[in-house]
Structures are given as structure tokens and as C-alpha cells.
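What TrEMBL annotates here:
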- D47: active site, proton acceptor (ACT_SITE)
- D184: active site, proton donor (ACT_SITE)
- S20, H78, G154, F155, G156, G157, D184, G185, G186, G206, S207: substrate binding site (BINDING)
- H45, D47, H78, D184: divalent metal cation binding site (BINDING)
Amino acid sequence: MIDSNTKHKLLSDAPVIAPSMLKCDFGNLHREVELLDATQAPVLHWDVMDGHFVPNLSYGAMLIERVRPLTDAFFDAHLMISNPEQYVDDYIKAGCDSITVHIEALPEPQGLLDHLNQAGVLPGLAVSPQTPLEKIEPYLDSCGLVLVMSVEPGFGGQSFIKTSPEKIRQLKSMISADTILSVDGGIDTSTIGEAAQAGANYFVVGSAIFSQSDYSNAVSELARIARDQTASLK
Ligand SMILES: O=C(CO)[C@@H](O)[C@H](O)COP(=O)(O)O
């Protein structure tokens with residue numbers, strides 16, 4: 001079963017800013033984790049890329065497992081890999097709290113989502129920009145988190161796709177109130193507001209945090225904008 005304490009703790013702090021470790025300084029990984037621990041972000045988002053599902057390579061379960069003892073942060077793994085069912089146990093073993101796979105990589109993910117749920121890991125499904133929401137609709141009740149890619153997966157530093165808020169809005173109307181709605185790609189102080197207004201409550205952010213000298217300020221400012229926009233909806 002999903003560890004509901006973990007899930008609800010994360011949700012109760014919404015909106016959540018999840019730093020994307022793809023953009024961190026890997027030469028100073030320990031220090032980066034310490035700096036992020038000092039921010040309001042309760043999460044580290046791990047972008048796993050295999051050079052096959054996406055045209056880029058990042059890191060794998062071994063690195064995540066080595067970082068796990070350094071922090072209590074929620075570990076959110078985003079697997080941009082082919083055949084995720086072959087590797088998912090490595091990420092469970094590495095100590096990930098949430099694992100998200102792409103519907104394009106695993107068109108029938110029910111077995112995997114059930115497996116994650118039984119392992120006490122929050123199950124997530126991601127959709128790439130060109131993929132219609134109908135593809136994930138049959139599985140939404142089994143997801144603790146759904147992730148809308150607002151850039152083509154594979155690289156940080158891209159521009160937010162302008163049609164993403166409409167997709168988020170549509171997805172929001174399809175999920176239960178306690179499902180986390182994550183948006184990933186091109187999120188900064190100029191785009192986070194429209195994503196929040198559309199209904200996202202979890203924001204994966206790389207460049208807009210790691211390009212700043214003060215990560216705490218960057219996270220607080222992003223969270224403030226998201227909170228303001230969310231509050232204006234009520
Ligand atoms: O998954 C991805 C890219 O595939 C994202 O997590 C980005 O890496 C976020 O980085 P920015 O767009 O915020 O720089």
C-alpha cells in the first residue's frame with residue numbers, strides 16, 4: 001500500500017517546489033544537497049535518462065542510493081527510460097519515495113503501478129507533450145502523482161510549451177483531489193503562475209533554481225507565486 005503519511009505530508013505542504021537534480025553541480029553534489037535541504041523544498045526530483053527513451057543520459061539508481069543517506073528529503077524519481085519495469089526495483093531499493101514512469105515507455109502500466117503501490121512507493125505516470133490524456137485516463141485512479149511534461153523530455157533549460165496550462169486544466173478535472181498534479185519543464189517565475197492557476201500543485205524546477213546564487217530565495221519566490229495564484233482560485 002502507498003505510505004499515506006508520506007503522501008499526505010507532501011500534499012499538505014502544497015504547492016511543492018521540487019528541484020530537478022539534472023541541473024545541479026555534480027562536482028559538488030553533497031554541498032548541493034545541503035543547500036537544498038536549507039530551502040523550503042521538501043523534495044529532490046531525480047531525472048533518470050537512458051539515452052534511448054530520450055536522447056540524453058543522466059544517472060541511475062546507484063547514484064540516488066549513494067545520496068539517500070545524506071538527506072531526509074522526499075526522493076521523487078522520474079524515469080525517462082525504456083522498459084521501466086525491468087529497472088524499477090533498483091529505484092525502490094535506492095530509497096525513492098515516488099517513482100514516475102512514462103506512458104509512452106509503458107503503454108499498459110497497471111501492473112507496475114500496483115507493484116509500486118504494494119512496495120509503499122507513490123506511483124506516478126508522466127505524459128509527454130504530444131501524448132493525449134486519454135492514454136493515461138484508465139490508470140489515473142492508481143496514480144498518486146501525474147506529471148505533465150511542459151517541454152520535450154530529455155534536457156533542462158528549454159522553454160515552457162504554451163499549451164501546457166490547457167492540458168493541466170483538463171487533467172485536473174480528471175483526477176481525484178488528493179492526486180498530486182506535477183508540471184515539469186521551463187518552470188520559472190514567469191510561467192509558474194499560469195501552471196498553478198491551471199491546477200498544478202507540484203512544480204519541478206531545474207534552471208530557475210540552479211542558475212541562482214541563493215537557492216532558498218529562488219524556491220521561496222517560486223512557492224510564493226504558486227501560492228498566490230492557487231489562493232486566487234479559491
Ligand atoms: O525532465 C526534465 C527534462 O526532461 C525536467 O526536469 C527539466 O530538466 C527541468 O529543468 P528546467 O526546464 O527547469 O531547466
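Glycine is treated like the rest: Cβ placed from N, Cα and C.
Quick caveat, the model's predicted, so the values are computed rather than measured.
Taking the centroid of the Cβ atoms of H45, D47, H78, D184 as the divalent metal cation site, the other same-chain residues with Cβ within 8 Å of it are A18, S20, L22, W46, D76, M80, T100, L147, V204. In this structure the C-alpha atoms belonging to S20 (substrate binding site) and H78 (divalent metal cation binding site) are separated by 10 Å.
Largest Cα to Cα distance within the recorded substrate binders S20, H78, G154, F155, G156, G157, D184, G185, G186, G206, S207: about 17 Å as a whole number. Around the Cβ of D184 (active site, proton donor), the number of neighbouring Cβ atoms within 10 Å comes to 26. The separation of the residue listed as 'active site, proton donor' from G154 (substrate binding site), Cα to Cα, is 11 Å. Distance noted between the C-alpha atoms of S207 (substrate binding site) and the residue listed as 'active site, proton donor' is 11 Å. One residue stands out among the binding-site residues G154, G156, G186 for having the most other Cβ atoms within 10 Å of its Cβ: G186. Distance from the CA of G156 (substrate binding site) to the CA of the residue listed as 'active site, proton acceptor' is 10 Å. In sequence order, A18, P19, S20, M21, D76, H78, D184, V204 constitute the residues six or more apart from H45 (divalent metal cation binding site) in its chain with CB-CB distances below 8 Å. Over all protein chains present, the Cβ of S20 (substrate binding site) has 24 other Cβ atoms lying within 10 Å.
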